[in-house]
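Okay, so here's the structure we're looking at.
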Amino acid sequence: MGTYKKEKSRIGREGANEKKPGNLRVKGENFYRNAKDVARVNMYRGGKAKYNAAGELVRAAEFQSSEVPKARIQPDRRWFNNTRVIAQPTLTQFREAMGQKLNDPYQVLLRRNKLPMSLLQENTEIPKVRVLESEPFENTFGPKSQRKRPKISFDSVAELAKESDEKQNAYEEKIEERILANPDESDDVMLAARDAIFSKGQSKRIWNELYKVIDSSDVLIQVLDARDPVGTRCGTVERYLRNEASHKHMILVLNKVDLVPTSVAAAWVKILAKEYPTIAFHASINNSFGKGSLIQILRQFASLHSDKKQISVGLIGFPNAGKSSIINTLRKKKVCNVAPIPGETKVWQYVALMKRIFLIDCPGIVPPSSNDSDAELLLKGVVRVENVSNPEAYIPTVLSRCKVKHLERTYEISGWNDSTEFLAKLAKKGGRLLKGGEPDEASVAKMVLNDFMRGKIPWFIGPKGLSSSNDEINSSQKVATQQTEGSDQDGEEAEEEWHGISDDGKADESESTKPVAEGSASESTDESAVDDNKNRS
């Protein structure tokens, strides 16, 4: 029986009512191999390559063919015409519009990659070289060519004298600024080498961690201490972001607002909000302030970057500013180790806030500055007090920043004239005495420094012009101070007037506001997430 009859009878046996009847296979049809198997078998049958006696290739094998078919590109305008072009008037108009919105902290530029940013940003820092004015073309090329004339950037002696005067004035201004910054410094006195403990936060490892966080973040939160916002700002990082990473967003968070009154916090927020979006914040897992505003602005940035699967938010700032505490507050549980001492966070750490927002904790950094003295670095919380040698030398700075009545109320002592007498009275009251009844000034000084940095002693630095600003803040409402969280105050103390120090470091003797109770603040829900003069509820 032939193949055709066998196949036909097989279909009859299987039944014609099947949904998928078998295909009728005809003799001569290759249904055992597919096209891939056939190509492989043909390669085997092609044989090996043939070579002559000289070893030259005579006939290549099937898989050794080096002949390439001629390729031809489709004559399409998509490949041979300009794709993104813009006329000069349109570019000028767009540059002017960008210049008005570029410096606005509340304007966000989307789809930056599709814009010719190199054409929009003119590099005006490089001065133009007036070649033809300083060196004419005829004296450079041609029969009269000579290059004996020096290349100068001015045309006449008057311009030379003017430029010399400007350089001399700039040099004298730098000398005056140096004298004002270091009034005790003279040319005959050489400053001693700074203790290595005051270089904390400036190591190469710390800066490597910082740049990892900056590179990995879409939004950066700079955490400031509400008691000294200007002293805890990282100007070096802000300039780096402005020049090298302008596509990243910056937010300022004024932490520890429970240690300052509402008027001062509102004044600082109003000043800082002119540069970046600013939020007043109090880090606490159970009783926080500003949490809703911060989450709202992070949601806004996440919605702006809808093309990304998620965004990363990095927290940077000085040591002991409260970066890890803010993350714990947002998560409402302890996910980062926190301590009232600087240097608790050693490496960066990723924390998931929600599905599309991730937080990055960064170690504290201290930008190097020649204007910061050892006492200022210590009082900013950069250095651990237990590692400082001769801590009693920094007590005069503490006494100059705090009011006498605040120290009297905190330590229940009075009647001292200098720092030595203050430490002696405090040591005798606490029973910290050495052999022979001598006061242990070192241990008492460390206790005072810890109380100063942890908020037990009321103090802070207010903005300049707070007393003379009659528009937003009453002249009688000057810088105020408040005791730390958990301190018990009776009604008589709550009615007491509070004073602080202005930005120039001088004590303020006029009337001021009353202290604000902890946790009594209402969160603002405006678009810029900025706290103004709202009562805390």
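A Cβ is built for glycine as well, from the same backbone N, Cα and C atoms used for every other residue.
Here Swiss-Prot flags 1-24 (among others) as region 'Disordered'.
Feature annotation from Swiss-Prot assigns phosphoserine to SER186 (among others); the stated evidence is experimental evidence.
Annotated domain 'CP-type G' per Swiss-Prot: 207-368, in sequence order.
Secondary structure from DSSP puts ASP361 (GTP binding site) in a beta strand. According to Swiss-Prot, the GTP binding site annotation covers GLY317, PHE318, PRO319, ASN320, ALA321, GLY322, LYS323, SER324, ASP361, CYS362, PRO363, GLY364, ILE365.
The region 'Disordered' annotation in Swiss-Prot covers 468-537 (among others).
What Swiss-Prot lists as phosphothreonine is THR484, and the listing cites experimental evidence.
Look at Swiss-Prot and you will find SER487 (among others) tagged as phosphoserine, backed by experimental evidence.
For 497-512, the entry in Swiss-Prot reads compositional bias 'Basic and acidic residues'.
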Mapped onto three states, the DSSP assignment of LYS323 (GTP binding site) reads helix
Using a 10 Å radius on the Cβ of ASP361 (GTP binding site), the other Cβ atoms enclosed count 22
Surrounding the recorded GTP site, with Cβ no more than 8 Å from the Cβ centroid of GLY317, PHE318, PRO319, ASN320, ALA321, GLY322, LYS323, SER324, ASP361, CYS362, PRO363, GLY364, ILE365 and those residues left out, we find VAL223, LEU315, ILE316, PRO342, THR345
GLY317, PHE318, PRO319, ASN320, ALA321, GLY322, LYS323, SER324, ASP361, CYS362, PRO363, GLY364, ILE365 bind GTP per the record; greatest CA separation between any two, in Å, is 14
In all the protein chains shown, the tally of other Cβ atoms within 10 Å of the Cβ of PRO319 (GTP binding site) is 23
